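Inspection log for the structure reproduced underneath, given as structure tokens.
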């Protein structure tokens with residue numbers, strides 16, 4: 001009798017801790033970022049099916065390459081725009097990793113046009129799925145493309161702002177690492193929130209909220225912020241014109257793991273650019289709490305420094321411009 005009572009108490013706890021299995025689709029999986037994301041996701045035990053979609057001619061080769069990695073998940077490749085709906089069907093999480101990264105010989109106009117068309121193609125198909133999956137956009141410029149994606153989905157009548165994310169994890173990884181280097185600490189022991197947007201002019205590392213708290217004078221704070229905001233440019237220079245891909249892909253892995261935690265009913269947070277009008281910019285980036293339905297709320301911070309408030313004011317103005325640009329793309333199409 002006593003054993004029966006113990007089992008009754010334990011069974012609900014066991015059931016709530018059972019991890020479900022999920023379908024993840026990487027769209028743009030043959031791109032430089034997409035291949036790395038796909039490689040990392042291939043070994044995730046909670047993913048039972050990994051779909052890789054792209055329109056690039058090397059996609060079958062990428063799938064073949066990934067298939068040589070022993071893994072429990074089922075791997076399926078899709079090539080061509082006409083196969084996208086099939087790739088997306090029954091997906092729990094969709095990651096947009098395609099388009100172009102900055103590299104030698106590609107103009108900004110060509111880069112922007114390619115990435116706009118990629119996200120348009122994707123979200124027009126995603127909007128046909130019911131229920132909507134969690135959608136994470138890694139393709140830059142996030143500050144422009146996420147609002148554009150929202151407008152496309154809204155116009156289709158199938159839009160849930162709680163399920164659309166611009167993945168900004170790489171900003172938090174960089175801030176965390178730079179802070180650790182600055183103070184001779186282990187990166188895993190450091191927390192440094194980043195808010196604003198996903199671009200050099202809009203991302204703000206909140207040193208006033210950093211943990212552990214370390215003394216920094218005004219000059220050092222400004223130099224740190226400048227160094228953080230120049231990370232993309234520094235990588236492009238060091239890679240002889242090529243953009244960051246590895247750290248960005250790792251950020252997508254962390255995002256996916258957190259979303260899976262949320263879908264499993266566990267407390268989860270992601271670094272993301274989401275629909276949020278707390279500052280009158282319609283979209284904003286920060287640390288976002290999520291559950292199985294998507295975004296619940298964004299973590300708020302108090303006691304910002306005067307310098308951070310100044311950066312925030314300028315960042316909001318820039319975000320408004322970029323969000324407006326994203327929304328107007330449809331009007332110009």
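Note that Cβ sites are derived from N, Cα and C of the backbone, with glycine treated the same way.
Curation does not apply to TrEMBL; its annotations are automatic.
Per TrEMBL, the feature NAD(+) binding site maps to 28, 29, 30, 31, 32, 33, 34, 54, 115. Just so you know, the Cβ of residue 30 (NAD(+) binding site) picks up 24 other Cβ atoms within 10 Å once every protein chain is counted.
Positions annotated as domain 'Pterin-binding' by TrEMBL: 282-333.
In three-state terms derived from DSSP, residue 115 (NAD(+) binding site) belongs to a helical segment. Of all Cβ atoms in the protein chains displayed, 22 besides its own lie within 10 Å of the Cβ of residue 115 (NAD(+) binding site).
All chains included, 19 other C-beta atoms sit within 10 angstroms of the C-beta of residue 32 (NAD(+) binding site).
The Cβ of residue 34 (NAD(+) binding site) has 29 neighbouring Cβ atoms from other residues within 10 Å, across all protein chains displayed.
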